[in-house]
Structure formats: C-alpha cells, structure tokens
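Pulled from TrEMBL, these are the features on record:
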type     : residues  : note
TRANSMEM : A:48-68   : transmembrane segment
TRANSMEM : A:96-124  : transmembrane segment
TRANSMEM : A:145-178 : transmembrane segment
TRANSMEM : A:198-219 : transmembrane segment
TRANSMEM : A:226-243 : transmembrane segment
TRANSMEM : A:281-299 : transmembrane segment
Amino acid sequence: MSQAEAGAGSGAGAMARAVPAATARRTPSPLWALSLFRSEVATVFRRWRTFALLGVLAAVPVLVGVAVKMETQDGGAAGHGGGGPAFISQVTNNGLFLVFTSLAATLPFFLPMAIGVIAGDSVAGEASSGTLRYLLVAPAGRTRLLLAKFAATLTFCCAATLTVAALALAVGAVLFPLGDVTLISGVTVSFGEGLLRALAVAGAVALSLVGIAALGLFVSTLTGSGIAAMATTVGLLITAQILDQFPQLHAIQPYLFPHYWLSFADLLRAPVYWDQVLDNLGLQALYAAVFGSAAWARFTTKDITA
Amino acid sequence: MEELSAAGEPAIATHALTKRYRGGQLAVDRLDLVVPRGSVFGFLGPNGSGKTTTIRMLMGLIEPTSGTARVLGEEMPRAGRRVLPRVGALIEGPALYGFLTGRDNLVRFDAADPTADPRTRKARVDAALDRVGLVAAAGKKARAYSLGMKQRLGLAAALLQPRELLVLDEPTNGLDPQGMREIRTLVRGLASEGTTVFLSSHLLDEIEQVCTHVAVMAQGRLLTQGTVAELASSARGRLAVTTPDTAEAVRVLKEHGVNDLTVDDDRVTGELPVVARELADLNAALVRAGVRVRSFGTERASLEDAFVALTGEGFDVAG
Ligand SMILES: Nc1ncnc2c1ncn2[C@@H]1O[C@H](COP(=O)(O)OP(=O)(O)OP(=O)(O)O)[C@@H](O)[C@H]1O
Ligand SMILES: [Mg+2]
C-alpha cells in the first residue's frame, strides 16, 4: 500500500513534490487527542481567577473552624439552638464534622457559583477573546472541544469540593479532637469509617455540581460574552434556589437541580438512606444529558464570527 | 488514489459561494474563486468587501448560505478534520491567552490539533518561535506583547506544522517596516518550499511585491482574478513628460489626443495613446513647438491603478 502510494507520488511530478513531505505522512495516534483535555485543565488552573475562587472556598472551613473554636472557648457548646449550618454543634466533639459542616455551608451557593463561573466562561470566554476560532482551525473539532471543556469543568468540580473537604479536615484536626464518629442515627463508627463516609460525602457533593456545570456550558454556547454567560449561570442558580423555597411550587421542585443537594447527609446514617441520594444523582444525570445535548446542538451549528 | 486526485485540484476552489449574515447583510455574493497550488494569492478589496467572511467560510468557522467551498481538494466545512491540519491560518488578527506566555500559547494551540505529535511539540514550538523572531520574548506573558509581537505569535501558530496552505488575513497589520519585510521574506520562503499562500491585504504594493496571483473583491462580489501581471497590464500605463514649459506641453499633447492631462510642478502626465507608434511623433511635436523636454517616457501601470480602475475610488466602505 505504502509502496504503491510512493510510486504514484513520484509519477504525479511537480504537484506531489510541492506537498511538504511531513504533512502527507502524519499518522496520528488516538491518544494525541487527549492533549486537548490536558491543555484545557492546565489552562483553567493557570488562571489567577481560578485560584481566587478556590481561595474563597478554602476560606469557609477556616472561618467556620475558628469561629466555633472562639465561641466554645467562651464556654458553652456552639450552635445550640442558634441554628447555623448542619452538624455545626458536633464540631467541638469531633473535628471530622467540620468537613460536613463546611460542605453543607458551601454547597448552596459558593461551590455552585464557582462552577457557574468556570462553566459559563468556558466557551463564551474563548469566543470573546477570539481564541475560539484558532482552536477550531487547529482543528480541535467542535464536539471534541465541547467534551474537553465539560470534562475540564467537572475536574474543577472535584478540585473545588476537595479543596473545601481537605482544608476542613486539616483545620478540624488542628483545632478539635478527632475520634469515633457518632452518626445521625445515633450509631457510633470508627474514625476510619468516618473518613470513608467523608470521602463518599465529598463525592456526592462533587456529583451534585454536574447539573449546573452542564447548564453553564449550554449558556456559554449561547453568547459571545464570557461575563454575560457567567452572570446568567449564577443568576439561574439563585433563581433555582429561591424557587426551591416556595412550598406552593412543590410540583416543579423535584426538577430543580439544587433540590436534592443536601441529601448527602443521608450518607451519614446507618443504614444509609439511598432514596434521595439516588434521586439527586439521577437528576444531575438528566441535566447533563439535556443541557449537554443542547450545548452540542448549539455549538456544532453555530457561526463563529468573533 | 484519492489523495492523488486531490493533489491535482486547486488549493482553494469555491463555486457560487454566498454568505448572508443573520442580520440580513449579504457579505459574499456568488463567489467563484480558484487559487492554484503553489501560488501566492493576493486577496484584495476595500473594507467590508467580504474578504474575512470568505476566509471564515473556507476555514469552516461559518456555514455558507449557499454554494460550495473546496479546500485542498475536499469540501469544507465537512472535511475540516482532514483538511485543517494541513492549513495554517491567521484570521482577523491574532487572538491570544493574555495570562499565558507566548510559548505556552503555542503549546495550547498545538495541543488542540489531534494530528500533532506531543513528542515533537516542544521542538516544533521552538522552531516556529524562531521563524518569526520571537525567541527572546517567548517567556513573556502574551498580554505584555505589542501588537506586532502578537501578530508574529499568531503567525507562529500558523507555522507549527509544515503546511500545504497558509491563509493569512492581513498578516502585516501592526508590523514595523522591518517586520513587514521579514513577513514578505517568510512568505516567499514558504512559497518556494511549495506552500500555497492565500493572503488578504490592504497594502497594494505589498501584494505586488510578493504575490503571483490576485483577486479583487468589492461589496461581496469578485471583480477579477488572475496573475498580477495580467491585472496590472489591464490598466493602461501613463505618459510622463518633464519640462519647464508645462503650459505649452499640455497644449501640444492635448492637440495630439492625449487625455486626462495633469500638471504637477514640472511634470505633465496623461493617458497613453493607444497606438505606440505615436509616442515618437509626440516627442517630435513637443520639440517642434519649442517645448524644452527634460525627460519623456511612460510609467508602467501599478496594481493600485488597476485596483482604482476596478473599484472606482477604491477604499470607500460600501454600506
Ligand atoms: N458577524 C457579522 N454579522 C453581520 N454582518 C457581518 C458580520 N461580519 C461581517 N459582516 C458584514 O459583512 C460584510 C463583509 O465583512 P468582512 O469582515 O468580510 O469584510 P472584509 O473584506 O474582511 O473587511 P476588512 O478589510 O475591513 O477586514 C460587511 O458589510 C460587514 O458589515
Ligand atoms: Mg477583514
């Protein structure tokens, strides 16, 4: 085959010679396509803005931990009767609970807002800076680029959740005692199992963010302005959170992406209550499918003029 | 075999290519463009004449409203995955990640090409930087680049691989005279290696200096295409006489049927008579009338003359 081609090539004379040899003989490996995903992740994590977002998230466990410590030093247990984030009253007994408290405190707003910024900016930001056209003529391929952007956003979801959880664990370990964990249902488990459950909770929280990541990606394909896409995504988050508060709207609430977010607490029961946890995962998968397809349909047919 | 037949086709061939933007603007109107392989093709036109729109369609960034575009023998935008790795492009100026260094910008664009070997990435990036003279500034953040440096980096991105076709939309925009000359040298060098270069420009003398072929657009329509020599010869040259007796010279030349006479200091120029034999008679007539002729000759028509003749006054933007 290659010999036949070489023979035919020399027969074609000047035209064949005019083609630079290296371009005609490139045989790409499928693995090279992964470069784009790596490059996406690297690009997200080399922005000052990404670290600002992670910094805000990292501040939450530190502030909560220090506040609880100061309050309990004045005497009396924290959070009793005063409400506050879930599990806060347990933190003084066991630093591990700072992980649950911090995730419960950041999940309603800070975490999804950070995802909304990254997802909203992912396509629209490149469109407004003009780099999108150069990625497309590289050629990144529209479907592949969209997949790489979604995957990079999900990577950021994990990184953001882990930042909160890891910092909470570290602060909890420094400021409070660690030990056996008393679950919500009253059963006490070893610290090792507690840690495993914390990991599961972090996983559930990260997966809770898939819906807004897909939504943000879709919004991002609609506009040529990164700022507009970020603002719209965060606006949708706030709207969904508000709608989720009205009892009159109970008919649509099961379809709002934040509706089952706090179900992660059910992982801290023995036995675990799976119903809402699974409802949450199903809803996030539904959002990923619907808005992922919508983003794909929009992006693959869009005129890129910026 | 498929590859072979493709190699015989023009680098770019469009047929009745039309683009109407969503606002209703007809930007490109039934364009039939043929860019031969191995040519350096100048794409000329006033602002808003549809050059960038054409290039966007060729690169698959926008969908044509109707008509077809074939690039390197395959239909765009459908065959973009196969065609675009063999094409380097600079479209409407450079666009860079300001928070990345010049080098990392190139690494990013190279990573977007699934046919680019990661093992040779560093070497290719360095070679591209070297080619556009940016090695010393490669470690600087791109937001700190000057316009000319950005333009060079954009060019470097187009040169990350050996290409069969380079599409350059106003490549010398923002460059200093030295940079412009370097780009011209670069384009000539690439062309001599067999790369077809398709470049749009507003600088007519630049097109005249580097291009073998040229096409002229106005208001979305193709006015003409052909070799530079053909186009320039289509515009007639002018007669130029230098003399201190300009008034007398104008009278004599007018008598002998020379039109469109203009006087500029001691120079009288006019439209060349159609028959060349009359030239010697004209000179003799001037001398007989006592006009002291310092120099007498014809000026070759420039591409600019041809361009102005084609587009009217040329560079006015049409609604
Ligand atoms: N995104 C767009 N939406 C609507 N109309 C557009 C768009 N881009 C360009 N146009 C219109 O299409 C026409 C052709 O524009 P184009 O950018 O192709 O011109 P050009 O020849 O590249 O001009 P220049 O020399 O200024 O770069 C213009 O009338 C312009 O107003
Ligand atoms: Mg243009």
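Cβ atoms are placed via backbone N, Cα and C, with glycine included.
Simply put, out of A:48-68, A:145-178, A:198-219, A:281-299, A:198-219 has the most Cβ pairs sitting under 8 Å from the transmembrane segment (A:226-243). The stretches the transmembrane segment (A:48-68) and the transmembrane segment (A:145-178) meet in space: the count of Cβ pairs below 8 angstroms, excluding pairs fewer than 6 apart in sequence, reaches at least three. Within the chain carrying the transmembrane segment (A:96-124), a Cβ under 8 angstroms from the stretch's Cβ atoms is held by residues 44, 49-50, 53-54, 56-57, 60-61, 64-65, 68, 85-88, 90, 132, 146, 149, 152-153, 156-157, 160-161, 164-165, 167-169, 171-172, 175-176, 178, 181, 191, 194-195, 198, 201-202, 205, 208-209, 212-217, 219-226, 228-234, 236-237, 241, 258, 261-262, 264-265, 268, 295, 299, all 6 or more beyond its ends.
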